[in-house]
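What TrEMBL lists as active site is Glu185. The feature Zn(2+) binding site is assigned by TrEMBL to His184, His188, His194. For 92-236, the entry in TrEMBL reads domain 'Peptidase M12A'. Per TrEMBL, signal peptide is recorded for 1-24.
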Amino acid sequence: MELIANIFGFYFTLFFNCVSFLASQNYDSIVLNEVNRTDEKENLTKEELNNNKILTLKEEPAWLRSGKFQGDIDGVDELLLKQLSDPNIQFNALKNHQLIWSNGVVPYELDEAFSISEVKLLQKAFRIYRRRTFGCIHFKPRNFENDYLNIVRGNGCYSQVGKTGGKQELSLGQGCLFNETIIHELMHSLGFWHEHSRADRDNHIIIRWENILPGLDSQFDIVSILRFFLIIFFFF
C-alpha cells in the first residue's frame with residue numbers, strides 16, 4: 001500500500017507541475033501577444049489612429065486642451081500661486097465656509113448639448129456622491145438658487161475649486177465624459193485641490209519626473225492653497 005501511495009503521489013506531482021507549466025506558458029503567450037499589439041498601435045501614425053478610432057497616448061488629453069492651472073482648475077492665477085508656494089502649509093481642501101456649499105447641497109444646470117446617455121452618466125456620478133457620503137453631498141437640479149454649477153459641454157475638462165458664487169462653470173467636453181473624470185471635476189467644485197500638489201505629498205509618494213512630458217512638470221508643483229486664499233480675502 002505504501003508503494004502504491006508513493007507512486008500515486010509521484011504521478012500526481014508530475015501532473016500538477018505539467019499543468020502549472022502549460023498554464024504559465026499560455027499566460028506568457030497571452031501577455032506577449034498583448035505587448036505586440038500595443039507595440040503595433042504605437043507605430044501607427046496619428047491619422048491612422050484617428051481613422052481606426054484608437055485612442056492612445058498620441059492623442060492630446062482632454063484636460064490638456066483646457067489650458068487651465070494643473071490642467072483642469074479654472075479661476076486661479078498660476079503665477080500668484082507659484083510665488084506663494086509654502087511647503088510648510090499642509091491643506092488640500094478648502095475650510096472657508098464661504099467657499100463650501102451650504103448643507104452639502106449643490107444646485108446645478110446641465111447644458112442642452114449633452115446627449116441622453118451623457119446626462120445619465122452625470123446623474124450616476126451625482127448618485128455615487130450621495131451614496132458614498134451617506135447623503136451629506138447632494139447634487140440637485142437648480143430652482144432659483146443664486147449660486148449653482150453650470151455644467152457645460154465645453155472645450156476640455158475643468159472646474160473651479162469650491163463654491164465661487166453665482167453661475168459657476170464646470171466643463172465636461174469631448175474626452176471628459178467618463179465616470180472617473182466626472183467625479184474628479186465634481187470633487188474640485190466641492191473644494192478639493194489635487195492630491196499630488198499638497199504640501200506633504202513627498203512624504204507619501206514619489207514623482208517620476210522623467211516620465212512627465214516636457215513642459216508639463218509645472219502640473220506637479222507643490223503649492224500653498226491656504227496662503228493663496230488668505231491673500232485673496234484679506235488684501236483684495
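Glycine is no exception: its Cβ is also placed from the backbone N, Cα and C atoms.
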Three-state secondary structure, His194 (Zn(2+) binding site) (per DSSP): coil
Candidates His184, His188: member of the binding-site residues with the richest Cβ shell (10 Å): His188
Least Cβ-crowded entry, counting other Cβ within 10 Å, from the recorded positions listed as Glu185, His194: His194
Tally of residues which DSSP labels helix, strand or coil - the domain 'Peptidase M12A' (92-236): 58 helix, 26 strand, 61 coil
